[in-house]
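Features of the protein shown, as given by TrEMBL:
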| type | residues | note |
| --- | --- | --- |
| BINDING | Arg88, Leu127, Glu181 | substrate binding site |
Amino acid sequence: MPPANSQLLLNRRFARRGLGLWQRAPGGHLLPAGVRPWLLDPGSLTRKLRQLSHNQLSVHILRQSWGRPRLSEARALGVDITQHGLIREVILCGPYEEPWVYARSLFPAASLTGSLRHLRQLDNRPLGGYLFSHPHLGRSPLSVAALPPGSGVPESLQGDKLLWGRRSVFSLKGKQLLVSEVFLPAFAARFFTEEDT
Ligand SMILES: C=C(O[C@@H]1C=C(C(=O)O)C=C[C@H]1O)C(=O)O
């Protein structure tokens, strides 16, 4: 199926279910072959990008401040939308600081206590490095989205195309956090085929 149709089909399915843009990852056949392994890999994206970039990966903080979750984020975490949490937005850059992934993580206040308290000051250390160092890390099934301009990715990063994204809820020591990752145009241009974008 031509990718544009698969993205439109995904969006139509999402819209019909009133789930907004994020939808539990559909059967692989609905996702273009080139993006499927990136969207559905349950492992650490940081690790994958480090390998791809021959360890030339950097994390740039766009935001790390308290705020209210978006409606779909509150639903994914099962928290009230009025409940403030720590919002962390970063860009993962490959060689020559090329912007590859925009990531937005939502930490409910109750999750930033005890042994996870230090995540308040993660700075430019990759979140995945900490999360995936724990053998008992839990992760919900991945949801995916084909994100149009205006759906939450900073305009300066989005460009004018649909961007593929994935998100899931991590669980560690009884605490939860939501991580959304969006593959940016420069990454798509370099690693996705024409049929995927
Ligand atoms: C969850 C991971 O952490 C990565 C690093 C992030 C950060 O530093 O804020 C956010 C999302 C991920 O791209 C991972 O590596 O899979």
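Glycine is treated like the rest: Cβ placed from N, Cα and C.
Taking Cβ-Cβ distances under 8 Å and a sequence gap of 6 or more within the same chain, the neighbours of Arg88 (substrate binding site) are Ile61, Arg63, Gln64, Ala103, Arg104, Ser105, Phe107, Leu122, Leu127. The Cβ of Glu181 (substrate binding site) lies under 8 Å from the Cβ of Leu45, Val101, Tyr102, Ala103, Gly165, Arg166, Arg167, each on the same chain and at least six residues away in sequence. Residues Glu89, Val90, Ala103, Arg104, Ser105, Pro126, Gly128, Val179, Ser180 surround the recorded substrate site, their Cβ atoms falling within 8 Å of the Cβ centroid of Arg88, Leu127, Glu181, which are themselves excluded. Taken over all pairs of the listed substrate-binding residues (Arg88, Leu127, Glu181), the Cα spread reaches a maximum of 12 Å, rounded to the nearest whole number.
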